[in-house]
Amino acid sequence: MAATSATVLQSPFLSGSNRNLLSKGVTGHAIVPVPRKLVVSAAVAPKKSWIPAVKGGGNLIDPEWLDGSLPGDYGFDPLGLGKDPAFLKWYREAELIHGRWAMAAVVGIFVGQAWSGIPWFEAGADPGAIAPFSFGTLLGTQLLLMGWVESKRWVDFFNPDSQSVEWATPWSRTAENFANATGEQGYPGGRFFDPLGFAGTMKGGVYVPDVEKLERLKVAEIKHARLAMVAMLIFYFEAGQGKTPLGALGL
């Protein structure tokens, strides 16, 4: 047996100096009680799967290169396009841009046809249009304007915020209006891109993003963007048959 023995009694009903009752060992030295440690473990939320009720299944369902950090990441990458982190970042940028264009296009197609009665794939060349153009003129104009904008976006992707300087935005005297105010690629925010303050507020002329709201809006946006891209794919198939979305709905 050990030469020294002691007993430590602890009770939540005792307070002050009487909270710990110490008994001295044969050597006469008091035993100092060791404080209790409270261990709190947070439950990790399971990663969502793009196939309902299926949580595993290798790289087809749960790719190891997708860790759930991207908004709207449900493990969908059957072709393995995102294995390279650099390509994954670029594909997310491309998905955002295409999704935003698709959302604008879906609204424009429905509203435009409901207003004019002209199918969306014939609206640009219709004689009654506000500014009728031939297909070649429309294509050339789009290539010129979109080529300039896309080249600037390409440069900004590899050198963030490089296009927010005065010479890059000649129509604006204050280039800070176009600055990447959230600090995240693809989500500019600021007074120009978030004028209603959905994801941040203006304080003293400075845009301060709300991280919680921004993260929630990222997920909502990418979901709507993907739905809009699928809708546009359906519209293309319908147009090949001479049909329109409103016509397919019987409207």
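Start at 1 and count along the chain as shown; that gives each residue its number.
Keep in mind that glycine also has a Cβ here, set from the backbone N, Cα and C atoms.
Keep in mind the model is a prediction, meaning the values are calculated, not measured.
The annotation chlorophyll a binding site is assigned in TrEMBL to GLU95, HIS98, GLU221, ARG226. The chlorophyll b binding site annotation in TrEMBL covers ARG100. Residues or ranges marked as transmembrane segment by TrEMBL: 101-118, 130-149.
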Students should find that the Cβ of ARG226 (chlorophyll a binding site) has, within 10 Å, a number of other Cβ atoms equal to 16
Do any residues at least six apart in sequence from GLU221 (chlorophyll a binding site), in the same chain, have a Cβ closer than 8 Å to its Cβ, and if so which, in order? PRO71, LEU96, GLY99, ARG100
Between any two of GLU95, HIS98, GLU221, ARG226, the residues recorded as binding chlorophyll a, what is the biggest Cα to Cα distance in Å? 12
What is the set of residues, excluding GLU95, HIS98, GLU221, ARG226, whose C-beta falls within 8 angstroms of the centroid of the C-beta atoms at the chlorophyll a site? LEU96, ILE97, GLY99, ARG100, ALA102, ILE222, ALA225, ALA228, MET229
Does anything in the same chain, at least 6 positions from GLU95 (chlorophyll a binding site), have a Cβ under 8 Å from its Cβ, and if so what? ILE222, ALA225, ARG226
